[in-house]
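Student: The transmembrane segment feature in TrEMBL is assigned to B:17-36, B:48-67, B:87-107, B:138-162, B:174-194, B:201-221, B:251-270, B:336-364, B:385-404, B:410-433, B:440-462, B:468-493 (among others).
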Amino acid sequence: MEDKKLSNVDLESTDYDPAQVGNLDRRLEAGKKDAVFFHVIGVVATVIATIWMYAFGTGDPAEMKYFLGMPMWISGAIVIYLVMFAAGMIWLVKWEEFPLTARFKKNKESEKEGGNKT
Amino acid sequence: MSFDLGGFSITASTSQVMLIIFAIYSVVIVGFGFYIKYQSRKGGKDGLASFLTGGGGLGAFAIAMIAATNSMAGGTMVAAPGLGYSVGFTAALVYYAGFLTAAYGLGSVGRKVAILRDRTGAVTFQQLLGLRFQSKKVVGALAITGAFGLTFFAVGQITSGAKVFAAVTGSNSYYLGILLTIVITVIYTVSGGIKSMAKVACIQGVIMLIATFSIIGVLIANNVEQYGSVQATMEYLGTAFPGAIQADTGFSFWNAMGTALFAGVGLGAVPHALSVTMTYNNHKKLKQGVLISCCVFTLIQGIMCFTGPLTRAINPGLETADYTTIFNATNLLPSWMGGIIFCGIFAAIQSSLAGLAMAGASMLAKDFVVDCWKPNTPPKTQSTINTAFVLGIALVATLIALRPSELTQYMINFALAALAAAWYFPVLVGMYWKKATAKGMLASIIGGFASYVLFYFMSSVIPSTKAWWATALGGVHAFLPAWLISLVLLVAVSYATQRDRIKLGYFQVFFCEDYDEKYAKIDTLKD
């Protein structure tokens, strides 16, 4: 089945539109969502925490407000980063698990048909 | 008898107990290295692939500990507390974006890399990128920038270890400290490879956790005893050392932003963080590994960075801020606990050194020499070449560390950020963006690296431009603009060179369910 699919296209060709190539492996695409998610929350948390720190942490120490026993600019930044951490952990826990084998669907189809694993 | 370390002292008996415990620890980890080597030889798995990947079957805890300890270097246990002591709480908070370090690297590319490894038989991350872009130049650029950055980062680790050893022994034996730091690390790395690193990293991770909780526990207890509460301690710092609880002490806004992005997010995609992606073959193990690694890193890095200012409230007279952790270990805790913390400091340094040496050597040996230059090298010779590069990197780093100077410090500081600027976008975008091209990757790697070096000298070394950088650009960390330039070059040059895309056969290996095995062979690099 694989040979029939692949024989319809010229694999030596460089004249193709990457956005139009089909039959994407959803396991490889899942990784892209992870990369985007983790890096976006990392950057967003860093930007927000740094703004928070400098918005509340540059005045007279005697005038600083306290939260959880520390100046608010410190404890608030810690809370922001812990929220980032928790969001990352929740995303990880909810990861859909799948085999990390070279081929996925092919294995499942073969097993159903009683064939050999590739 | 006691040794005066400027602001505190260590008794000779404390020093002896610490050294005995350190000796036992060193024998254990070196022994592990030889044991793993023996087991590998017995099982016939003594080749370079097994050395670099452990056969791809490491457990979740081992994966987690390698990932966590690779990312936590001497900075975590020594320099960060020291910086916090000098500068205050901002120095702690700029590292907190790193709570998800394992997720930025291992979690982001880990699943795709494992699948691609199974498709292609690759043993290094660079081999995958080489196949993806069909370009020896991309592999070569990554290998050279990576090895350069890692070698100079290693210098910093060796220097940290040597200084700590000299302080604890009270002997100013800086050179003996260098020898012990590097020799022990090289022995267990060369003898057992990644499997040895894995076993040792588990021990090192546990020791670092014990050390961390001991230090923070005793610091909080001492501060509460002295001032009444944590808040009272903060209020005391606010009156005695106002800078400690002001955000803009030591870091301008833009400098703090750039440092946080580089030290937190940017370092997730550097070579020694990515080398772990070659060590597992199971989704559950990977997931557990990333979860555990992030938790361990958050605890250790988060707490240790915080100890500096709290130490200052107890002893504001330390002449050398980098001795903060040593003061806590030797003056606030029993000798035997001080010995464990001393091992924890060395564990952090050695684990990172091992990761740096492994990653740097594999880049030069496998990616550069074998894959780009001598593809027909027999497996045993490949192992020999790799060992030679591990020793070579260790030797070069040691020689530079022998004469620590202001110039050396400049090199160390910029090496890691240059590495992150060169690798971050090529690694992540190159793995996932379908329109990335080899020329775009090359422009990004070289452009990111070169622009960081230029901006570093402009912002931190050359007096005239340094003053201008501070006023006109708010002292922004040189990493930030270099990072953005790397991204712009990757995107712009890739779009401009879409005609140079790789053959569809190779594209399918990296993105599609079905692919032709012919295009999954690693030894097909062009140019």
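Note that Cβ sites are derived from N, Cα and C of the backbone, with glycine treated the same way.
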Student: Counting Cβ pairs under 8 Å that sit 6 or more residues apart, are there three or more between the transmembrane segment (B:251-270) and the transmembrane segment (B:17-36)?
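Tutor: Stretch pair does not touch.
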Student: Cβ pairs under 8 Å with the transmembrane segment (B:440-462): which stretch of B:87-107, B:336-364, B:410-433, B:468-493 has the most?
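Tutor: Per the Cβ count, the answer is B:468-493.
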Student: Considering pairs 6 or more residues apart, do the transmembrane segment (B:138-162) and the transmembrane segment (B:336-364) have at least three CB pairs under 8 Å?
Tutor: yes
Student: Which sequence-distant residues neighbour the transmembrane segment (B:410-433)? Criterion: at least 6 residues beyond either end, Cβ under 8 Å.
Tutor: 108-109, 112-113, 125, 128-129, 132-133, 138, 141-142, 145-146, 148-153, 155-156, 159, 262, 266-267, 269-271, 274, 400, 441, 444-446, 448-449, 451-453, 456, 460-461, 477-479, 482-483, 486-487, 490-491, 494
Student: Check the transmembrane segment (B:385-404) against each of B:87-107, B:336-364, B:468-493 and return whichever range has the most CB pairs under 8 Å.
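Tutor: Looking at each of B:87-107, B:336-364, B:468-493 in turn, the most contacts to the transmembrane segment (B:385-404) are made by B:336-364.
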Student: Taking a Cβ cut-off under 8 Å, which residues six or more beyond the ends of the transmembrane segment (B:201-221) line up next to it in the same chain?
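Tutor: For the transmembrane segment (B:201-221), the sequence-distant neighbours (Cβ-Cβ under 8 Å, at least 6 residues beyond its ends) are 25, 28-29, 32, 61-62, 64-66, 68-70, 72, 76-77, 230, 296, 299-300, 303-304, 306-307, 310-311, 314, 325, 328-329, 332-333, 337, 340-341, 343-345, 347-348, 350-351.
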